[in-house]
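Before any comments, here is the structure.
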Amino acid sequence: MNIFDELKARGLVFQTTDEAALSKALTEDMVSYYVGYDPTADSLHLGNLVLILTMKRLQMAGHKPYALVGGATGLIGDPSFKDSERSLQTKDTVTKWSGKIRSQLERFLDFENGENKAEMTNNYNWFENLTFIDFLRDVGKHFTVNYMISKDSVKSRMESGISYTEFAYQIMQGYDFYELNQLHNVTLQLGGSDQWGNMTAGTELLRRKANKQGHVITIPLITDSTGKKFGKSEGNAIWLDADKTSPYEMYQFWLNVDDADAVKMLKIFTFLSLEEIAEIEEQFEAARHERLAQKVLAREVVSLVHGKEAYEQAVKTSEILFGGGDLRQLDAKSILTGLKAAPQHQIAPDEDLTLIELLISVGIAPSKRQAREDITNGAIYINGERVQELDYVLTDSDKIENRLTVIRRGKKKNFVLTY
């Protein structure tokens, strides 16, 4: 199976400009291709990861990736299917975010070895000294207004209003393709399905200005079985930066993927062969309650994004938090991340309360009688260890890193005391 057929088999091809010509080129030649990343935040996220992994698949097949940071377009903002205009960022912010994109991409793409080693460039390099007059004469004249407003990405904003700044974005992105072709013989652009209009502006400019054929592959919007955009947890993006989304949180996200989506996501987000995924699917369907597909997803993606050690730590954290282990084996940060949904109560470090008084003061038990019953019946745990002494008083050894203590009532009801 050639790389183009594999991308299709994995559900990674939504639209292409000329499928036959593209498939032939990817089979016979080393194709130089690019993906643009506008620095709109200080980290890439799960939505970006689909494209990053697609870039990696093509590089592994012998093709040459160019990662284009939108140092110029990031100052403008892409209007595609946005309800309102993006807020403009400062040059300093865009420059800082651009640097972070590079460091994150280096985890996945090979920037060091071989003829097809990855390269990174910035479209600010060619826009910085391009005058407005030159832009209109050399680029703008190749686009009619009719052509530009026919794009679905622009149509969706016509009634609510779109500034000329954002309206011109598609021409800027089109010019990126032209420049990359002239500088590096780039002939293929990858992007999300919402980018089709901007991307074909590039193939149009390449045809008109250089009499060359450019190719486009758009990746489908990744949705779950209900049609919702995939990649968020409780409305929050899953970031690739460990400081924004911890490896543990990412691990839990994949572990909780719906059964109906698990095999599909294995094809999209892992480098397991399609044959291996078929075997996993067979075992998964035979015993869904064991959640094999989700466990493999969590292992593969967390290891890929954060490394094997971070994955193993996430597993350990999960087992200790929910399997009744000794919480003192974990650091305070891991505990707070894993139990962020649990009620937190702040108490003075020198507060000298018996366990019974503590259970009442933080609302774990409604009365002394109930507190005594819970302790006597073995329902109260401190940092995962059962405590049955009615006169027990917390000591410094119960304070993990002098920051917190976890009290659990029963199997799942956790309370976090902070100092």
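The backbone N, Cα and C atoms fix where each Cβ goes, and this holds for glycine too.
What you are looking at is a predicted structure, and each value in this text was computed from that prediction instead of being measured.
For reference, Swiss-Prot has these:
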- TYR34, TYR169, GLN173: L-tyrosine binding site (BINDING)
- 39-48: motif ''HIGH' region' (MOTIF)
- 229-233: motif ''KMSKS' region' (MOTIF)
- LYS232: ATP binding site (BINDING)
- 353-419: domain 'S4 RNA-binding' (DOMAIN)
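Summarising the L-tyrosine site geometry, the residues cited as binding it (TYR34, TYR169, GLN173) extend over a maximum Cα to Cα distance of 18 Å. Taking every protein chain shown into account, TYR169, GLN173 are the binding-site residues, and of these the Cβ with the most other Cβ atoms within 10 Å belongs to GLN173. Outside the motif ''HIGH' region' (39-48) by six or more residues, the chain places 69-71, 74, 77, 86, 89, 93-94, 96-98, 100-101, 104-105, 192, 222, 229-232, 237-241, 244 with a CB less than 8 A from a CB of the stretch.
Over the motif ''KMSKS' region' (229-233) the predicted model carries a mean pLDDT of 70. Across the motif ''HIGH' region' (39-48), DSSP classifies residues as 3 helix, 1 strand, 6 coil.
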